[in-house]
Structures are given as structure tokens and as C-alpha cells.
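Notes follow the structure.
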Amino acid sequence: MSLFAMGFLLAILQPSSGQFPRACANTQSLLMKECCPPWDRDGSPCGELSSRGSCQNILLSQAPLGPQFPFSGVDDREDWPSIFYNRTCKCEGNFMGFNCGECKFGFSGPNCTERRLRTRRNIFQLTTSEKDKFLAYLNLAKNTPSQDYVIATGTYTQMNNGSNPMFRNINVYDLFVWMHYYASRDTLLGGSSVWRDIDFAHEAPGFLPWHRVFLLMWEREIQKITGDENFTIPYWDWRDAKDCVVCTDEYMGGRHPTNPNLLSPASFFSSWQVICTRSEEYNSQQALCNATSEGPILRNPGNNDKSRTPRLPTSAEVEFCLSLTQYESGSMDKMANYSFRNTLEGFADPRTAISNISQSGLHNALHIYMNGSMSQVQGSANDPIFVLHHAFVDSIFERWLRRHRPMLEVYPAANAPIGHNRENYMVPFIPLYRNGEFFKPSRELGYDYEYLQEPALDSFQEFLIPYLEQARQIWAWLVGAAVIGGVVTAVLTGLILSCWKKRRGTSSEIQPLLTESEDYNNISYQSNF
């Protein structure tokens, strides 16, 4: 597409905010509370005529929530997406998408039966042409309107309960910036009141699964607009880095020669405009971010508050984090101790796993270190370093999953902060995804990391793995049961033998002798017992 044509499209399609399928962003769908668009190949809702899926009622989790959010019925994101829709497409087999028109992550082909494994690579291992292609794809996403999604510029109440839809178009890159903002924004309580202690993507168990889905969806959208089905997000391995080695014009943009808070004009990222960075302004107006441009990307790496984040994370800190056996613990929020999730997210000390919100470790440390757009949660995805960073965070999550091989039950089913229980749907994704669905190895979702790749297993090994894993999960109980059983057996055997000897010691006139065969059978019975 020529720059002129792209500019014309952007001129007629104004920026927008809110991740909703375009086909459902209308009065009829909102009033009916139904988002079951037709699949374009057969024209039936959810591709039902082709057995891809059907329109069904949403089943919401009834599990109790934690105490962090003491309200009910005040936030559109509660029991997502029921305030907007209570019927959506339920796809069958390996089909996926808001109209069941796509394949689940890790599958491809016309019937979604072909398994596919893509590899995410270190950005510094890409060839020059591969790296340049990645940067060009980022810029294309920033300048290509999303064909499938729009964003909501008002709350459901401001939409007059659906009779006055408030949606706008948005480019592909900013769609994901907006989604990150929407999941982490404050609750608007009316007047000038807000509730800040709420986040559907951070500070709780869903942090890692949510960002895993976010990256997978981002990857897929890039694949769709470029036609490059092999595209994967590269990662930046920041362990032991002395400074921001990706902050050069060759990669993600160097420092401006006269203003250290801006990017070098030699990088095309210097022309990017950010959105959704003025949370206090939105709160005072009781409004949502409407994706209006708010200025250039800000970044001043290393000139951050050293008392909070003295340096970038180390390999030793990552290894300590990986050694933690509990995925979640205690209050399951940023105060959790000995929690792998809380330590990796950065609210617990990466050397002790004790919560310390005055410091920023691991994931949080890199955000603070960037000292700019990346350092504010709601608008952090504006900086393209965000995807490199979170791809590496996801790889650490993947290492933990492979090392500890947790069962799904390890992910909390109840009492987590709002939106973070295992069966809760993630905000604001449509199609719907539950937190627990992404608490699994990446290879089951169709991707791997170059530095984590292992030799392919033969079919017999693959057959044995699930059974060996089940045995590993319960081995401690088996050993304990065996020890207790042995003790009980020994005690009972001793008591029986004692009684038997006492009986043998009585007078022969009173106590008849056992025959040889009777004596043998008696001993056998005792031994078996």
C-alpha cells in the first residue's frame, strides 16, 4: 500500500478506543446482548452450518472473589463481557474467533487440523533483513486500521444501555495499546470518584496468562495484515544488561541528541504518537480513553529513580525466581510472599520473594528503568519495546511451567482479585478466553522460544509423559502412605506376635499344641495381615 493511500485511509477512519468485534458494535447487538457474527464462508452465525460453532449463552464463573474490590455493578468489566453481551460464539474443536472463523493457537489449515509450531527468537539473533522486516511490520501495524475490531469510547451507561453505541475505529497497533489500558484502568464511580485498586491484567494470578494471550493475539494480527504466517515476536533477553542495548536507531530508537526524553529523529518510532496516557484527565472527566493522539513516545532509559530500581535484573534473580515452587500465595495480589507470579511481576524482592512494593524487581524493573511511556502501566504498550520485554517475561513463565509442571489446579480457582480466578474470562478479549486456558506449556499453544528448544520426543516418550507427570504430582503422598502403612503393619504384627507368644506360654494341659500345618497357616495369615 502506498503512503498516500495509507494516509487517505487514516484520514477517513478516525482513531478509536475499545476492543469489540466490529460486527457487534451496533444497537441491535447491544440491546439483544448477543455477539454471534456470521462466518463469511457460509453466512451462518458462528459458522454453524459448517459445524464450526454455535451461538450460546455465556457461562460465568460463580467462584468467590478476593476482598480487593468492595463494589458490585459499578464497572463494565465485572463478569466480562456480560454487561455488553450474554451470548457469544462457542467454537467447536480447533476452531476459534469471534465468529469461529479462525483456528486455535497452534493449529492451521482449512479445517484447523494441522499442528503448527513457531519459534520466537532473540532480536539480536535476527539477520539484518529479518530485523528490518520486524520494524517495518510494527510501523505497518501503527498505520493500518483494524478491519475486525473497534473500541468503546464510552461506558455502557454512557451508551444509554446500548441504545446509543459509542465506538470508533483504531489502527492495529493502538488497538492493543487500548486493550492494555482498558484492562488496567481505574473504576469510574461517578462525580470525581474512582477506585484505583483494580487491575484485570496485573497484580494478581492472571498477570502471566493475560499477557500470554495479548502477545498471541498481537502476533496473529500482524500475521493477518502482512500475510506472513511465520511471523513471531522477537524477545529481548535483558538479564545482566548494563544499559538499554535495544535503544539504538538500528533497533528500537536511540536517544534524541538534544532532548534526552525523546527518541532520535533517525528512528521512525520518533514520529509515533501515544494514546491512553492521561489517566488522571480521564478520571476527572469520568471518561474512557478515546485514542486521541497525546504526543510522542517518551523514553529516558537509566535516568530513573535509582532508590526504587538501581539496575536491570540479573540472571541470579531470574534463577531464584524460577526456584519458587508456588505459583500464587496468600492474598494473591501484590502483597503475596513466596509467589512465583508476584516475584516475576516485580512486587516481591527477587532475592527473597518477600513482598516489597517500595522496590521494583524483574518485570517491573524494566518498565521503571525505561523512564518514560513504558513506566506508566496504562499507557506502557505505546513503546514498542513493550512487546520485546513481555515476550522475554513470557519465556521465564514458560521455563517455570516446564520446570515445575504444575497441574491446572495450581492456578487459583477462587478468592483471587476480581477477574483473576481460573474460570474468569479475561478483559477485554472477544473471543472469550479463560485465565486457566493459558496456564499450559507454550508448545500446546503453537510456539516455542529459541533458547528453550529441546530435542523432539519420540512417540513412546510423548505417550509416557502424562502418566509420569501424574506420578510426579502425587509421589509425596504415595511415599507418605507407604511409610504410615509400614508403621501400622509393624505395630499390629508386633501385637499379634506378642499375644501368640503369650498363648504359647500357657500350660500344655490347658492349651493344646498346634499341628505343624496349622502353625504354618497361622503365621502366613499374620504375615499377610
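Just so you know, glycine gets a Cβ as well, placed from its N, Cα and C.
What TrEMBL lists as signal peptide is 1-18.
Sequence-distant contacts of the domain 'Tyrosinase copper-binding' (202-219), counting only residues of its own chain at least 6 positions beyond either end whose CB sits under 8 Å from a CB of the stretch, comprise 105, 176, 179-180, 183-184, 231-233, 327-328, 332-334, 341, 344-345, 347, 377, 387, 390-391, 393-394, 397, 411-412, 416-417, 419-421, 424, 426, 429, 433, 435-439, 442, 445, 447. The domain 'Tyrosinase copper-binding' annotation in TrEMBL covers 202-219 (among others).
Secondary structure of the domain 'Tyrosinase copper-binding' (383-394), assigned with DSSP and counted as helix (H, G, I), strand (E, B) and coil, comes to 10 helix, 0 strand, 2 coil. What TrEMBL lists as domain 'Tyrosinase copper-binding' is 383-394 (among others).
Per TrEMBL, the feature transmembrane segment maps to 474-497.
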Mean per-residue pLDDT in the domain 'Tyrosinase copper-binding' (383-394) works out to 98
Taking DSSP H, G, I as helix and E, B as strand, the domain 'Tyrosinase copper-binding' (202-219) contains 13 helix, 0 strand, 5 coil
